[in-house]
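Annotation comment: Swiss-Prot describes CYS33-CYS44, CYS129-CYS211 as disulfide bond. Per Swiss-Prot, N-linked glycosylation site is recorded for ASN25, ASN39, ASN205. Annotation comment: Swiss-Prot describes CYS403 as S-palmitoyl cysteine, evidence class similarity to another entry. Look at Swiss-Prot and you will find 263-288 tagged as region 'Disordered'. Positions annotated as topological domain 'Extracellular' by Swiss-Prot: 1-56, 120-130, 194-225, 351-365. If you look up Swiss-Prot, you'll see 83-92, 153-172, 250-329, 390-444 marked as topological domain 'Cytoplasmic'. Summarising the annotation, Swiss-Prot assigns transmembrane segment to 57-82, 93-119, 131-152, 173-193, 226-249, 330-350, 366-389 and lists sequence analysis as the type of evidence.
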Amino acid sequence: MSHSPARQHLVESSRMDVVDSLLMNGSNITPPCELGLENETLFCLDQPQPSKEWQSALQILLYSIIFLLSVLGNTLVITVLIRNKRMRTVTNIFLLSLAVSDLMLCLFCMPFNLIPNLLKDFIFGSAVCKTTTYFMGTSVSVSTFNLVAISLERYGAICRPLQSRVWQTKSHALKVIAATWCLSFTIMTPYPIYSNLVPFTKNNNQTANMCRFLLPSDAMQQSWQTFLLLILFLLPGIVMVVAYGLISLELYQGIKFDASQKKSAKEKKPSTGSSTRYEDSDGCYLQKSRPPRKLELQQLSSGSGGSRLNRIRSSSSAANLIAKKRVIRMLIVIVVLFFLCWMPIFSANAWRAYDTVSAEKHLSGTPISFILLLSYTSSCVNPIIYCFMNKRFRLGFMATFPCCPNPGPPGVRGEVGEEEDGRTIRALLSRYSYSHMSTSAPPP
């Protein structure tokens, strides 16, 4: 692919803006309570096993920790993004939707799976059974679709920075989010229709209930689980692997391009230069790029001004390289966590749909409880990966809550020494007339 030098600089600048945002938000993975209370309730109630106190205690402890972290983390994300107007970017709008679905998933999944599992009885009634299964499925679906949307948005911002600007707007993001919620509520309508309480007799001859999602036939049950496996795991997983794989490849090529540019700069003293200012170096997610300006600064190449400019260029190049490498590592983590959290529960559901007896025999009780717990973990990991690892978000958090020390408004502070260097550059430029420099942006 051959581009003019001016176009290459513009594309590279846009790409690095997105890399910054990626590192700042650090997505993928999402939550999950598997679609169905029936999973845990069936495995744990249909064939009760002798309870072990230490297993119950460990289960309660782990569920409580994950629940508290999920509620606290997602609530903080929602609060910061709503109250801080400066953080309402396109990607943050998707992250807000992700936090809402994660919070809803946590509230509707964990208590209504853990309590019946411990009591060996679904005590909440038929209406709650239908409602919780419906919101469980919807929250899982919305979370997954949000992750896919974030991966595609990042792909467009990094790999197609010029073309994607047409549709990377807040209004477009809101339309996509509204569509994902409407689609999810529509897809999951079978849950309130076919979820019911099923009575059974426990070992002590007492009658109890379990909340189960039962379709009229085994063929329909198998088709439904296959459908969910495709749209909520396999296809989203493939899309994210491809999108993040292409992003990583693009960034790797950018690293090689930077290395070649650095080598050329050593061999030939440059007469012109441009640099991409980094507002955050932990960036996981890129800001809207500003078209780079081509400045003829021969007059500034002498004395302390030239020395300072050369140091800034070198620092910016190093920051770009570090940011790209961090994004690649972050994307690998996102994909690995997505499959780690989702694969066990979807595999268990598919197994149960096609071989109920064998699945219940091997997964009943503790195994399915901890498989579900693993899927829940993603709802508390998402805020950490996508938000709290983002320097701008942390600054926004401290600005939102007065009780926290506030080092400055988000998006103002950058690398160590960068703010001072930026002021120095502006001061140096102000000493010279615009007749000594070209400020026209390169053609797209």
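Glycine residues also receive a Cβ, built from the backbone N, Cα and C atoms like all the rest.
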Distant-in-sequence neighbours of the transmembrane segment (93-119), which means Cβ under 8 A and at least six residues beyond its ends: 25, 27, 30-33, 37, 40-41, 44-45, 56, 59-60, 63, 66-67, 70-71, 74-75, 77-78, 81-82, 128, 132, 135-136, 138-140, 142-143, 146-147, 149-150, 153, 170, 173-174, 176-177, 180-181, 210-211, 369, 372, 376, 379-380, 382-383, 386-387
Segment-segment contact (the transmembrane segment (226-249); the transmembrane segment (57-82)) at 3 or more Cβ pairs under 8 Å: no
Per-region confidence, the topological domain 'Extracellular' (194-225) (mean pLDDT, whole number): 90
Helix, strand and coil residues within the topological domain 'Cytoplasmic' (83-92) as assigned by DSSP: 7 helix, 0 strand, 3 coil
Counts by DSSP class (helix H/G/I, strand E/B, coil) across the topological domain 'Cytoplasmic' (153-172): 14 helix, 0 strand, 6 coil
DSSP-assigned states of the topological domain 'Extracellular' (194-225) in counts, ordered helix, strand, coil: 9 helix, 14 strand, 9 coil
Cβ neighbour count (within 10 Å, all chains shown) around CYS129 (disulfide bond): 27
